[in-house]
């Protein structure tokens, strides 16, 4: 739980930190991973012997569950039993495991430790042909019965419960009675006939098809809000792209490399959201997911987050702002980005494919440690870069860093509040009754990231003054002054300098005293909230040398 919470807050810290000079970095750090819509249509081959099928979903009221059977004729007798149960707590279906079906059914019959209501019915078929003819259940239909001490209330209200009839046809749909989490279980008991050979005992006798359809076709109540959210996010990213293209077209001659990367991150985010929305639409109308589309979406998300973190590190190091090149540090940046791409891609693919669940959970651990190390690296680099900008007294670049750092502080505070809220509401409660709001746990982080991306776009928007953010080393100015000095001497050679009388008015002393006062204020008084928020870090020998070099040039 702690690892998952850190994975949610660390991307916010990470993106916000580095995205200051480089807006597109923000989008790359994705929040909590997306869990794509679950399928609502299954084709299950049923072998000889006893078999179970189950699913747990949050369903709309009047959602229909349709059972279909198809296969070759057989002489085996079949006993088909189904259970449909609603739950008051989402934990009951979330923690339900397939290998616990038999014990769960025993508790259901004994009404032990369960909540909600349930329906059940059973029918014996003499052979497969009888099953394929859509025979009906009769006599074994059980009314919905409340659990957990609500027997008396159920008896009083039993006469008010209405059904479509005394018999339910096997191929007729079952129907839910309220918006709630549901568990559906089908038990197929198959007895081999005496005439059938033993070697065919394990062969697939028939195929059972289960379909779940509600007001929005195959889309369930837990997936419908996320589909709407991804549709809105697609529109938002399209607007971001149009706005960025318009700015870039107006000032295309003065575009910086950073602004090209911002456009690339916007495009990746738009593409990622479109793939997820298309997957939800496919589930809605076909009931089955396209696994390749899910894998593509997860890989796009991993590339986007890795690119964002790499760019944030580069910008926090001052590349293009106070340094013309990174030198040997560039290799460290590339390795960090490659490692994050590897771990995030592995975790996403394992999660959406449903294979190796334990490995997918373990993939969170290296991601958490890597995010921690990268955040610490960004904090140190960002502090050093802001110190150099203060020494150079570059007000424009320093203001850019401060504005985004203030945004960072607010976003980190908001992320902490959201983590506390989601933990208290969804994770540590014994009965998760607010299942209607589960989609917010994923959507809130993506919404927060989009807001930060918009702030980055505003700070780094293309304009006529783009070059004010470009790297301008002080050494070039010194070289120009040195080249101008001998030319001035030759121009005025042979001319006499008139002596000027020094006026002892004390002006020089006053100016020197003012400079000393300003220097003391600059060194001892923090100039903004960012100086207080970012802790003072010990200067290394290399930092002292750089600081001394910058001061000597200014003097």
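Any Cβ shown, glycine's included, is placed from N, Cα and C.
For 79 (among others), the entry in Swiss-Prot reads N-linked glycosylation site, with the evidence type sequence analysis.
Among the features that Swiss-Prot reports, N-linked glycosylation site is placed at 157 (among others), with the record citing experimental evidence.
The N-linked glycosylation site feature in Swiss-Prot is assigned to 160 (among others).
What Swiss-Prot lists as phosphoserine is 540.
The topological domain 'Lumenal' annotation in Swiss-Prot covers 22-225 (among others).
Under DSSP, residues within the topological domain 'Cytoplasmic' (247-257) fall into helix, strand and coil as 8 helix, 0 strand, 3 coil. Among the features that Swiss-Prot reports, topological domain 'Cytoplasmic' is placed at 247-257 (among others), with the record citing a curator's inference.
Mapped onto DSSP classes, the topological domain 'Lumenal' (279-305) shows 23 helix, 0 strand, 4 coil. What Swiss-Prot records for 279-305 (among others) is topological domain 'Lumenal'.
Look at Swiss-Prot and you will find 347-361 (among others) tagged as topological domain 'Lumenal'.
Summarising the annotation, Swiss-Prot assigns topological domain 'Cytoplasmic' to 383-403 (among others) and lists a curator's inference as the type of evidence.
With a cut-off of 8 Å between Cβ atoms, the residues of this chain six or more beyond the topological domain 'Lumenal' (425-437) that come close are 1, 58, 88-91, 94, 179, 181, 221-222. Taken from Swiss-Prot, the feature topological domain 'Lumenal' covers 425-437 (among others), and the record attributes it to a curator's inference.
For the topological domain 'Cytoplasmic' (459-555), the mean pLDDT of the prediction comes to 57. The feature topological domain 'Cytoplasmic' is assigned by Swiss-Prot to 459-555 (among others), with a curator's inference given as support.
Sequence-distant contacts of the transmembrane segment (226-246) (same chain, at least 6 residues past either end, Cβ-Cβ under 8 Å): 37, 219, 262-263, 266-267, 269-270, 273-274, 276-277, 280-281, 284, 439, 442-443, 446, 450, 453-454, 457. According to Swiss-Prot, the transmembrane segment annotation covers 226-246 (among others), on the basis of sequence analysis.
According to Swiss-Prot, the transmembrane segment annotation covers 258-278 (among others).
The transmembrane segment annotation in Swiss-Prot covers 306-322 (among others) and is backed by sequence analysis.
Annotated transmembrane segment per Swiss-Prot: 326-346 (among others), in sequence order. A Cβ distance under 8 Å defines the sequence-distant neighbours of the transmembrane segment (326-346), meaning residues of its chain 6+ beyond its ends; these are 298-299, 301-303, 305-307, 309-310, 313-314, 317, 319, 363, 366-367, 370, 374, 377.
The transmembrane segment annotation in Swiss-Prot covers 362-382 (among others) and is backed by sequence analysis.
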Top stretch among 258-278, 362-382, 404-424 for CB pairs under 8 A with the transmembrane segment (306-322)?
362-382
Quick check: in three-state DSSP terms, what is residue 79 (N-linked glycosylation site)?
strand
